[in-house]
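Here Swiss-Prot flags 3-170 as domain 'EngA-type G 1'. Under the heading GTP 1 binding site, Swiss-Prot lists 9-16, 56-60, 122-125, citing sequence analysis as support. The annotation domain 'EngA-type G 2' is assigned in Swiss-Prot to 183-356. If you look up Swiss-Prot, you'll see 189-196, 236-240, 301-304 marked as GTP 2 binding site. The domain 'KH-like' feature in Swiss-Prot is assigned to 357-441; the stated evidence is sequence analysis.
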Amino acid sequence: MLPTIALIGRPNVGKSTLFNRLLRKKRAITHDMPGITRDRIYAEGNYNGVHYALIDTGGLVMESDNNSEEFQGDIFEQAREAIEEAQALILVVDGRTGITQLDEQVAAYIRQSNKPILLLVNKVDGSELEATATADFHALGFEMMAVSAEHGFNLLELREKVADMALATGIEYEEEDEEAKGLKIAMLGRPNAGKSSMVNALTGEERVIVSDVAGTTRDSVDVTFESGGKIYTFVDTAGVRRRTNITDTIERFSVVRALRSSTKADITVMVVDALAGITKQDKRLLEYLLREAVPFIIAVNKIDLVSKSERNLLREGFERALRMAHHVPVVYTSCISKSGLGGILPLASKLKAECSLRISTGQLNRIMKEIIEKHQPPVVKRRRAKFKYMTQADDEPPTFIFFINDEKLIKSSYHRFLENRLRKILNVKHAPLNIVFRSTFRAKEDIVHK
C-alpha cells in the first residue's frame, strides 16, 4: 500500500503542473483553461526512497460559470472521492491573484476532513515575492509554503515536504511489481463511442466521468480491479478524432497519449459506435493498430439502440468493413443492458496467452517442412523460393523468420497462405502474427509482412 496525497483547489491554480513537477514527468495535461483535469489522475512519486501515491483532481467550482456547468457535479464528486482516499491533502492556490472567495470555500470544505493539509501558494517566482504573495493566505490557518511550479522556485523543498507528509501517515510502502496490475487493457476509440461507460460497466463502479458530451475523458485514467480471481487494469483513453478536427492543443496531447497507451498496454479494446458504423477515423485507427501489430478486440457498442430486425444487416455491414482485420475478434455490446460485456475479459486473457506463445526451433522446422511439402510456393520468373529453416524471433506478438534463398520470390498470396496455416497449426486465432522473410544469399534488411 502507498501513502496517498491529493492535490485540491479551484481551477487554473497550477495543480496539474505541480503534479508533473513532483513526478518529474508529464503525466497530467496542463493548460491555461479551467476544467482540463476532469477525472482524478493517479501516479506514483518517489523522493529519496520515500514512495507515495499522488492524486491530481479537477478544479472545484461551487457555482455555475459559463460552460463549466456540465462538469461541475462530476468533478466535485471525483475530488470528494480523492479527499476520502487520501491520508493528506495539498490545497493549491494562486499567489498572483491572491485569495478568492472560491479559495475560502474550498478550504472550508476540506477542513472538514480533519486530515493534514498543506497550503501551497503557487506562481510565486522568487523569495523576494514570497511575503507579499502569501500575506492574505495566513487567514486560512494552514501550514503554508510558496512555490513556482513553472519556474522551479522551492520545488526541491516541496519534494522534501511531500515525502515528509507521506512518512507522517505511518503507512509503510510495499513495492508492487507489474504483475500486481495484472492484464493491462487500453480503451481506444472515437469520442463518445462509450469507452468510459464500458469501463464503469465492467468494473462495477463510477470511476470514470460519463457524459454525452464528446471529449469528457481528455487524459488516460488507470483503473485496477479484480474479476474472477484475476487482476486487470483498464486505461480509459481520450477519444481519437481526425487530426483536422482536433481544434485545441489539449486534445492533441490527449490523442498522442491515447495512441501511446494502446501500444504499451497488453491488449487494446477498440470501441466503435454501432449507430455511426465504421467511420473514416475508425478505419484510420484500425490501420494504426494493425500496422503497430497491437493485439486488440473490436467492441461494437450501443447495440441496444439498434432494432432487432436490423441487427443482422448491421453485423453483415461490419463484417464487410472489417475484412482488413480478419483475425481481430468482434463483440457486440451494450453498456446499458450489459449484453456482450461478459466476453471481453476472457477474450482479452486468451489474446494475451496467444501473444505470449513460444515455440522451439525444432518444432517450427517440422511445421515448416510439413507446410512446404503439401503446398510449394509458386514459381516467380522461373525461380521458386527455397525454404532453409525458420525460427521465432520474438513474442508479444509472435514473430517468425523464414530463411529462404530470395525473399523477392514470396508473393503476398503465399504469405497469406503461410500465415493462415501457422494460425491453424499453432492455434493462434486472434493475435497479430508477424512473418519475416530473410534472404540467405546476401545481407539485406528484413522485409516484414504483416
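Cβ atoms here come from the backbone N, Cα and C positions, even for glycine.
Distribution of Swiss-Prot features across the structure.
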{"residue": "Gly9", "record": "GTP 1 binding site", "contacts (Cβ under 8 Å, 6+ apart)": "Lys15, Gly59, Leu60, Leu91, Val92, Val93, Asp103, Val106"}
{"residue": "Val124", "record": "GTP 1 binding site", "contacts (Cβ under 8 Å, 6+ apart)": "Gly95, Glu130, Ala133, Thr134, Ala146, Val147, Ser148, Phe153, Asn154"}
{"residue": "Ile303", "record": "GTP 2 binding site", "contacts (Cβ under 8 Å, 6+ apart)": "Ala274, Arg311, Leu314, Tyr332, Thr333, Ser334, Ser339, Gly340"}
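Of the recorded residues, Thr57 (GTP 1 binding site) and Asn192 (GTP 2 binding site) place their C-alpha atoms 22 Å from one another. Here the domain 'KH-like' (357-441) is broken down by DSSP into helix, strand and coil counts: 32 helix, 24 strand, 29 coil. For the binding-site residues given as Asn12, Thr57, Asn192, the lowest number of other CB atoms within 10 Å of the residue's CB is seen at Asn12.
Over the domain 'KH-like' (357-441) the predicted model carries a mean pLDDT of 91. When secondary structure is read from DSSP and collapsed to three states, Val124 (GTP 1 binding site) falls in the coil class. Around the Cβ of Gly189 (GTP 2 binding site), a 10 Å sphere holds 26 further Cβ atoms from the protein chains shown. Across the structure, Gly189 (GTP 2 binding site) and Asn12 (GTP 1 binding site) are spaced 29 Å apart at their Cα atoms. All protein chains shown were included, and the count of other CB atoms within 10 Å of the CB of Lys195 (GTP 2 binding site) stands at 31.
DSSP assigns Gly189 (GTP 2 binding site) to a strand.
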